[in-house]
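Copied from TrEMBL, the annotated features are:
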BINDING   A:Thr66, A:Pro67, A:Ala68, A:Gly69, A:Glu70, A:Gly71, A:Lys72, A:Thr73  ATP binding site
Protein chains: 2
Amino acid sequence: MSKSDIEIAREASMKPITEIGAKLGIPAEELMQFGPNKAKLSFNYLESLKDKKDGHLILVTAISPTPAGEGKTTTTVGLGDGLNRIGKKAMICLREPSLGPCFGVKGGAAGGGYAQVVPMEDINLHFTGDFHAITSAHNLLSALIDNHIYWGNELGFDERRIAWRRVMDMNDRALRDTVVSLGGVANGFPRQTGFDITVASEVMAIFCLADGLKDLEDRLGRIVVGYTRERKPILARDLQAEGPMTVLLKDALMPNMVQTLENNPAFIHGGPFANIAHGCNTVSATKAALKVADYVVTEAGFGADLGAEKFFDIKCRKAGLAPEAVVIVATVRALKMHGGVAKDQLGDENVDALKKGLANLGRHIRNVGKFGVPAVVAINRFIKDTDAELAAIQEFTKTLGVEAIVCEHWGKGSEGTEALANHVTKLIDGGSAQFRTLYDDETSLFDKINTICREIYGAEEAIADKKVRDQLKQWEEEGYGNLPVCMAKTQYSFSTDPNLRGAPSGHTVPVREVRLSAGAGFIVAICGEIMTMPGLPRKPAANTIRLDDNGLVQGLF
Amino acid sequence: MSKSDIEIAREASMKPITEIGAKLGIPAEELMQFGPNKAKLSFNYLESLKDKKDGHLILVTAISPTPAGEGKTTTTVGLGDGLNRIGKKAMICLREPSLGPCFGVKGGAAGGGYAQVVPMEDINLHFTGDFHAITSAHNLLSALIDNHIYWGNELGFDERRIAWRRVMDMNDRALRDTVVSLGGVANGFPRQTGFDITVASEVMAIFCLADGLKDLEDRLGRIVVGYTRERKPILARDLQAEGPMTVLLKDALMPNMVQTLENNPAFIHGGPFANIAHGCNTVSATKAALKVADYVVTEAGFGADLGAEKFFDIKCRKAGLAPEAVVIVATVRALKMHGGVAKDQLGDENVDALKKGLANLGRHIRNVGKFGVPAVVAINRFIKDTDAELAAIQEFTKTLGVEAIVCEHWGKGSEGTEALANHVTKLIDGGSAQFRTLYDDETSLFDKINTICREIYGAEEAIADKKVRDQLKQWEEEGYGNLPVCMAKTQYSFSTDPNLRGAPSGHTVPVREVRLSAGAGFIVAICGEIMTMPGLPRKPAANTIRLDDNGLVQGLF
């Protein structure tokens with residue numbers, strides 16, 4: 001039987017993080033260590049590199065996810081190791097996992113097999129405390145709002161229109177919908193509100209898009225926390241909240257360095273929701289990586305329709321990044337699911353179903369092309385994949401001018417991604433990238449939504465009732481019209497029906513609700529049920545998590 | 001004008017924490033670093049010292065606090081530095097400050113003047129994340145309770161008798177009293193509950209009393225989280241919660257090492273409430289310090305009636321510690337307040353009032369004697385103290401067989417505590433300590449309360465209605481009768497009236513309510529209003545906290 005991820009991770013021979021940093025020329029004193037294997041990279045050091053030329057940015061994205069699994073993070077890690085293997089100075093940038101969900105469904109992990117980031121347990125538990133800092137900053141703002149109202153409400157909050165909840169990094173359904181300030185005069189004015197999980201906080205989205213501490217503070221100040229009875233927005237800066245929030249986040253904003261199983265450098269930093277937010281690691285980490293490495297491999301949440309689109313249209317637009325290559329991860333199994341095969345039949349060869357499912361991959365390839373960045377498909381190989389199935393993918397992608405390269409990093413580490421790494425560098429050396437966003441800042445908000453629905457989802461159009469359209473108009477009048485749009489839609493389909501696999505076309509995309517994330521700098525368009533506070537299952541993973549007699553964590557993975 | 005604490009702290013020339021550890025013979029690899037100036041000491045290293053003889057334990061406590069300030073922490077730091085100055089291998093153990101209150105009233109800090117612990121800002125902000133880990137562990141248990149009920153309530157929780165709230169490290173009065181699980185079937189069963197500040201969590205008390213990870217897990221499992229309709233207690237271990245809670249706390253339980261301004265070692269670890277809990281730093285830190293140093297100076301919360309009593313009767317009893325000397329901190333100013341002087345008149349010499357106030361000091365000196373530990377009074381000198389006032393204190397304490405030594409550590413650092421350090425070592429070398437607790441485990445719970453009220457508070461008796469007495473009887477029947485008692489009473493007076501300064505006698509102490517902290521291992525006797533979730537003031541310190549242009553924190557101190 002093959003080893004589990006955690007067994008492989010525990011057998012890793014980690015090097016001191018200062019040694020990993022040294023590979024990139026980073027002096028030990030510029031790494032703020034958290035134990036021997038984790039460190040934050042100082043802003044001072046990054047400041048000293050500000051005139052250095054940036055490295056090349058590579059995005060790893062994927063086909064629409066299915067229960068079969070694609071292995072996007074694993075491929076990101078594998079490609080980073082592969083680039084190092086072929087002699088490139090490369091590093092990867094990943095998102096930090098959220099703590100709460102680890103106690104729900106057994107999971108966690110950062111990559112898998114021989115393409116993992118370590119120390120795995122630390123990364124999945126408190127890590128360097130970033131999410132705790134974000135939780136504190138968010139909840140300080142919440143406390144300041146209720147405190148302001150308690151002491152006289154000088155700003156004139158309409159208590160029915162407070163737009164800021166509280167957060168906790170825990171799966172706790174009981175907190176979704178609450179009443180606070182009960183118990184009499186000393187406890188304030190009772191009102192209905194609730195908690196989201198920390199990764200759904202706008203502070204998380206801001207943290208991930210902020211370019212330095214000053215920008216972080218400015219963005220925090222711009223958060224709309226509520227409205228007056230006259231519907232005038234009240235901002236976090238009206239409460240002087242952005243100062244102490246920035247103080248709480250000042251260390252957290254430094255990117256966290258760890259290593260892969262092959263002792264190559266990795267930043268793991270920030271982890272916003274991929275539906276109501278943009279689902280990418282921090283701009284801090286990506287920019288830092290581009291200064292210290294020649295090739296930077298990063299990933300975006302969900303499939304390319306959501307993750308890559310937001311990476312390009314939100315993160316790259318705002319941070320001035322220009323990716324030069326895109327890797328689209330696919331698996332034979334997932335493509336067969338897109339072709340209609342049930343989960344328990346994925347072990348059988350089925351080239352016909354696979355060919356049908358390739359429509360999903362094809363759509364994503366065409367979509368990525370619209371952003372002007374050359375692509376390659378990484379086939380994350382599973383043991384039962386047949387040669388005929390692999391060949392069918394490769395033949396198909398050739399018709400779109402794109403190579404599909406079989407990768408075996410899960411079982412072999414960087415040896416399994418050497419071909420992919422070589423191809424990616426070839427794409428970059430070719431200099432063919434002409435990165436562009438999908439729409440201009442000046443396009444109206446609803447047209448932005450419509451453009452994404454048509455160009456990326458293959459939809460006929462986006463639809464929205466008058467209330468939604470009026471809201472968008474109002475924001476345009478208030479000066480928010482130049483913001484990009486963050487789509488909150490099911491990740492399982494190009495449509496809003498999660499059961500519609502493959503590449504559905506001609507559907508309509510109903511926009512149920514829109515939200516303003518003025519600090520993060522985007523408008524959220526909600527096209528479906530969005531759960532911002534998960535619950536625990538009947539038998540939570542917590543039931544079996546414990547320390548064994550050697551002090552090792554059991555049951556987390 | 002003299003320098004502020006923060007100015008002095010910023011001018012400190014900190015040494016790398018590995019260098020501080022090396023002074024105690026600790027190898028660098030046994031220190032899990034958090035940046036260059038903070039580290040956690042590994043359990044492995046402590047395990048290797050388990051047969052080493054313990055050092056000498058010294059408690060710093062104080063007269064009943066007044067708005068004039070006493071300087072207990074400052075004196076703890078000063079004495080630690082003083083002992084090092086006279087050539088002793090000494091270290092100090094302090095509590096970690098809570099984050100939430102820093103945004104309320106300007107404050108924070110760890111010590112003051114030239115007797116401080118650094119890095120001050122880190123210590124007052126997230127430090128090494130211990131409190132965040134405690135918050136997570138506490139709230140995981142909360143989520144598991146509601147989740148258990150949601151999925152069928154197999155254990156039979158009476159939803160009206162859930163004894164476990166949630167916590168947050170924030171001053172947020174709106175969370176004191178809440179209703180959760182609103183919003184329909186998917187969110188559970190609505191019920192009334194609330195949040196306490198993290199330092200008031202029983203997990204914090206457990207964390208501070210746990211002797212190693214196994215004991216921590218056992219204690220967490222013993223927490224009573226609620227009752228069935230038949231009033232049968234339901235424990236955390238019935239929810240299998242102790243395993244994942246311990247996993248969340250495993251790193252946090254390692255003591256945090258920092259340094260004083262004079263580069264002497266300090267542990268800062270754990271910070272439980274001093275009313276509903278015992279108000280001392282962790283047993284982990286104290287025991288670790290006793291292994292690595294020859295003299296360990298620690299402090300307890302509030303005045304000696306509460307802090308020292310709990311230190312002796314709860315912490316020392318449970319952890320098997322035997323303190324050898326007690327330092328009682330007093331100031332001329334505070335003694336004058338105890339003698340009836342108003343706060344704005346404290347600058348004037350007033351020997352008569354001071355003599356009247358000495359009754360408070362006298363009671364504390366006698367009390368400490370009841371625990372069999374020799375004492376010394378440290379007079380924390382302020383600039384306006386007159387020779388006549390200082391002499392009056394010294395004459396008075398001599399009548400009780402105790403020296404009172406004038407200390408000037410605030411202005412002079414260790415030079416100002418050399419005499420105190422010499423005297424403390426003389427007390428210890430004298431070998432006169434015969435530490436004993438105030439009452440036996442076998443004494444009934446109400447008699448324990450009564451003993452404390454009579455012997456320590458000078459009261460006539462404790463009184464309680466039938467409900468309280470019945471509750472204590474029931475706990476005795478359930479096997480909790482051997483637990484010590486944790487008094488929750490105003491710290492400002494020996495009585496339950498905070499305005500009764502000096503040394504009131506013959507009063508009664510009404511016990512309003514009793515609570516079981518089965519995991520921490522004590523019964524809480526509540527004798528007054530206890531606030532477990534503070535609020536923010538009209539003009540919170542948060543309003544002025546921000547990073548300046550050099551990235552330094554402004555407004556926190």
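Just so it is clear, glycine is given a Cβ too, placed from its N, Cα and C backbone atoms.
TrEMBL annotations: computationally assigned, not manually curated.
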Looking at the binding-site residues A:Pro67, A:Gly71, which one has the fewest other Cβ atoms within 10 Å of its own Cβ? A:Pro67
Among all the protein chains here, how many other CB atoms are within 10 A of the CB of A:Thr73 (ATP binding site)? 23
What are the sequence-distant neighbours of A:Glu70 (ATP binding site), meaning same chain, six or more residues apart, C-beta distance under 8 angstroms? A:Ala62, A:Ile63, A:Val329, A:Ala330, A:Thr331, A:Ala334, A:Asn380
Within the same chain, the residues at least 6 apart in sequence whose Cβ is under 8 angstroms from that of A:Lys72 (ATP binding site) are A:Val60, A:Thr61, A:Ala62, A:Glu299, A:Val329
Using a 10 Å radius around each Cβ and counting other Cβ atoms from all shown chains, which of the binding-site residues A:Thr66, A:Ala68 yields the largest count? A:Thr66
Which residues of the same chain, at least 6 positions away in sequence, have a Cβ lying under 8 Å from the Cβ of A:Gly69 (ATP binding site)? A:Thr331, A:Arg333, A:Ala334
